[in-house]
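Lifted from TrEMBL, the feature list:
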REPEAT    B:15-46  repeat 'WD'
REPEAT    B:65-97  repeat 'WD'
REPEAT    B:115-149  repeat 'WD'
REPEAT    B:160-191  repeat 'WD'
REPEAT    B:205-236  repeat 'WD'
REPEAT    B:278-300  repeat 'WD'
REPEAT    B:320-352  repeat 'WD'
Amino acid sequence: MSGEIFNPNPTVFRSSVKSHPSRHLLAAKKSLWMIEPERSQLDQDVEDLEEEAIDQDEIFGALSFLYWLELSINRWSCIDLIRNIYDPEHPNTLEELHVVSAPQIDIGENRVKVEFTPTIPHCGMSTLIGLSIRVRLIRSLPTRFKLDIVVKPGSHQSELAVNKQLNDKERVAAALENPALVKTVEDCLTGRA
Amino acid sequence: MDEEFVYTLHNVAELGGHDDRAWHIAWNPTKPLLASCSADKSVKLYTYNHDGEGTLKFSLATSIPTGHLKTVRAVAWSPSGCTLATASFDANIGIWEQELDDDGNPGEWECASLLEGHETECKSVAYSSTGTLLASCSRDKTVWVWEVQPDSDFECMGVLMEHTQDVKCVAWHPTEEILASGSYDDTIKLYVDDPQDDWFCCATLTGHESTVWSLAWSPNGKYLASASDDKTIRVWRRIGEYEFKCVLVLKGHERSVYSVSWGVGKSSPNLDTSLGWIASAGGDGFIRVWDISETSSSEANIPSAKLIARLPAAHGVHDINSVVWSPRKGYEDLLATSGDDGMVKVWRIRET
């Protein structure tokens, strides 16, 4: 069965380029990562995954992109990394839902700060979205960058709790040792579900 | 430009071996051994000795795979130096002892006991000063006190459910059976045993504005230092049996302070007002060393703190997760650090 949808009708700001299969929220150890609200029926059946063929051009494109990235890290290259992360609840990207945008990225010499805007102030998916952003940036940016991932001030009713969790390296490390949670993050990163 | 400091940290050893983030380190109190643990689930033991020319040489002695299913987050030696405890994200505490081979020589490190009970990731583990008690803490918000019995038996003496969030660290008083814990709930709690009843929380220290990552008692037991995600280190003075007051807030770190250690410092007869040296390190990659003293001019028992050494980029661009003074006599000027680069480094502090 399907879990509670926090925001059943989000505003989509741009139609997606290609259609995606209906997405199901994957079971995650909510006690590990989800902050609120308390829910018991998060565990659900996992849909069979459609393995997508890996495109050689994509690999080459990604490699040259990373090379270029090392040369010029700016808010535009950073937004390119996270714009196509999918929302855990909707077949839309974070960019389409205006969860992330280039002006919300701040780059210092060795620091990247990403602010994101949950679609609704009680969005229980915020920590998962933030974790997905963090994982994508950890994997893509040179290690010299320290990451700060925060929700836009005033955009979430549990702003402090969400920010604290997203920036606790020990909690992040433990979350990334949880296979169910990692799979959920992977699905957000790849758009599969 | 850079300020001049009275002391300088010199690199003594760079010890590789871990395949992932090195979380924590512990100096053996009696033997020339340094233990480190990592997200790679292993524990490394490094040995050290003086070579012919009087240079201190460190080398990898052994690697313990541990069998923990997840990150090994913390390590702690018993005061005898014979037993090593590991705290893992797999929710278990491991107890390790060196087996003797047929000739009675020390052999492999074996798991002598596995302490189960925590529901989620264990974050820290510590032996009391006499070695008769062990404390552990977890994301399950609890602190457990275990009695160490013969033959690697452990009995749980108390489960303390005082914190409202993850418990990040535990630290025993250097001489008394007082336990301190620091938490994601921004507070520090202190616990003692009621001989007629159970272990109980006797004090709560509030003041930090974010997670308390690490705790260290002063060598004389009259102060407690705490390191926090709020980028500060606080020093708390014991003003009553179970009463503590914040007397210093050390600022300077630019990101989370993940670790604090309180060493004896430079012992000298005319420095009887010295309380030792606090070393701190964290997400900004700096090691900082502060001299803490009770000068005669200090008002109302407020000690003074002076930054005596500062080293940037001790692990390159990476976070430093742990900093620990060597407790062994004659080696008190040694510091070890571990970082997100998987490295363990040893430093000697010398007058500039």
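The backbone N, Cα and C atoms fix where each Cβ goes, and this holds for glycine too.
With a cut-off of 8 Å on Cβ pairs spaced 6 or more residues apart, the repeat 'WD' (B:15-46) and the repeat 'WD' (B:320-352) reach 3 or more such pairs and are scored as touching. Taken as a whole, the repeat 'WD' (B:160-191) shows an average pLDDT of 98 in this prediction. Listed as Cβ neighbours of the repeat 'WD' (B:65-97) (distance under 8 Å, sequence separation of 6 or more from its ends, same chain) are residues 23-31, 33, 35-39, 41-43, 109-116, 118-127, 129-131, 134, 136, 138, 140, 148, 152, 154. Shown for the repeat 'WD' (B:115-149): DSSP residue counts in helix, strand and coil, namely 0 helix, 20 strand, 15 coil.
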